[in-house]
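Q: Residues annotated as transmembrane segment in TrEMBL: 42-62, 74-97, 117-138, 159-179, 185-211, 232-249, 255-281. Marked as domain 'G-protein coupled receptors family 1 profile' by TrEMBL: 53-282.
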Amino acid sequence: MSTLASLRLLRKPWNASKGNQSNATVGASSGWCQGLDIPNELFLVLGLVSLVENLLVVAAILKNRNLHSPTYYFICCLAVSDMLVSISNLAEMLLMLLLEQGVLVMRPSIIRHMDSVIDMLICSSVMSSLSFPGVIAVDRYITIFYALRYHSIMTLQRAVVTMVSIWLASTVSSTVLITYYSSNTILLCIIGFFLFMLVLMLVLYIHMFTLARHHLHSISSQQKPPTTHRGGSLKGAITLTILLGVFFICWGPFFFHLILIVTCPTNPFCICFFSYFNLFLI
């Protein structure tokens, strides 16, 4: 069973041929391409922590009526997406441990069927987890640049349609990915989607940050004597760096892995990189 929906393909280059693996091992005199063995218990702990974190976010938004707005509904959907990833991984890890210990005995056909279902759930959650940060960035952009028209532009009905559309698109795309997981075209589409979301967030947040700096400069120039607001600008820059940096650092290794699968699946150095996929998955 795989740990992530596309793990069948991600492990394929590493196991494609024993010759490539041996060449990679010989090519690294220090033995650094032997991979990293990460216990399943660590995945379980991380899954439980993520599950609790996102449950708290969902509970806070649902309980507090002041947070019942499109912006926080999008954040709630993002938390639900991450929570589903945690639940799916927890279910898969527990099933793997029970099968390995002999506590649970199942026919191979049933295991494959359950694997496909869990993989589809994980994949759809991952796609929605990539989509909602972009939607949140667009929502924040509308809030700042169209503040007076925000409630007429981002109505509750449009917010619901947006959320439903993302979930439907994520489900359809996950089905296609599971069905055609060995196609490079599918991988290129996923990589392109990640880059699109990254660029979208980068452009929108930088534009918003630039406007905020301009407003601070205008306010300071009208004061007597003029004052500077370097603290506010620095805080905004730090927040922007953390927001985009964490998004890129968390997703970057996984999608770099996909890029290498498309560009150099049999290269010894790429094969060594593939062997550390579990580390990137964490």
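Each Cβ is built from the backbone N, Cα and C atoms, and glycine gets one as well.
Where the annotation comes from TrEMBL, it is an automatic prediction and has not been curated.
Note that this is a predicted model, so its numbers are computed, not measured.
Quick one: where do these features end up spatially?
A: Listed as Cβ neighbours of the transmembrane segment (117-138) (distance under 8 Å, sequence separation of 6 or more from its ends, same chain) are residues 1-2, 4-8, 71, 74-75, 77-78, 81-82, 84-85, 88-89, 91-92, 162, 166-167, 169-171, 173-175, 177-178, 193-194, 197, 200-201, 204-205, 247, 251.
Outside the transmembrane segment (185-211) by six or more residues, the chain places 6, 9, 127, 130-131, 133-134, 137-138, 140-141, 144-145, 176-177, 236-237, 240, 243-244, 247-248, 251, 255, 258-259, 261-262 with a CB less than 8 A from a CB of the stretch.
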Q: Select the range from 74-97, 159-179, 255-281 that forms the most Cβ-Cβ pairs under 8 Å with the transmembrane segment (42-62).
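A: Against the transmembrane segment (42-62), the leading stretch is 74-97.
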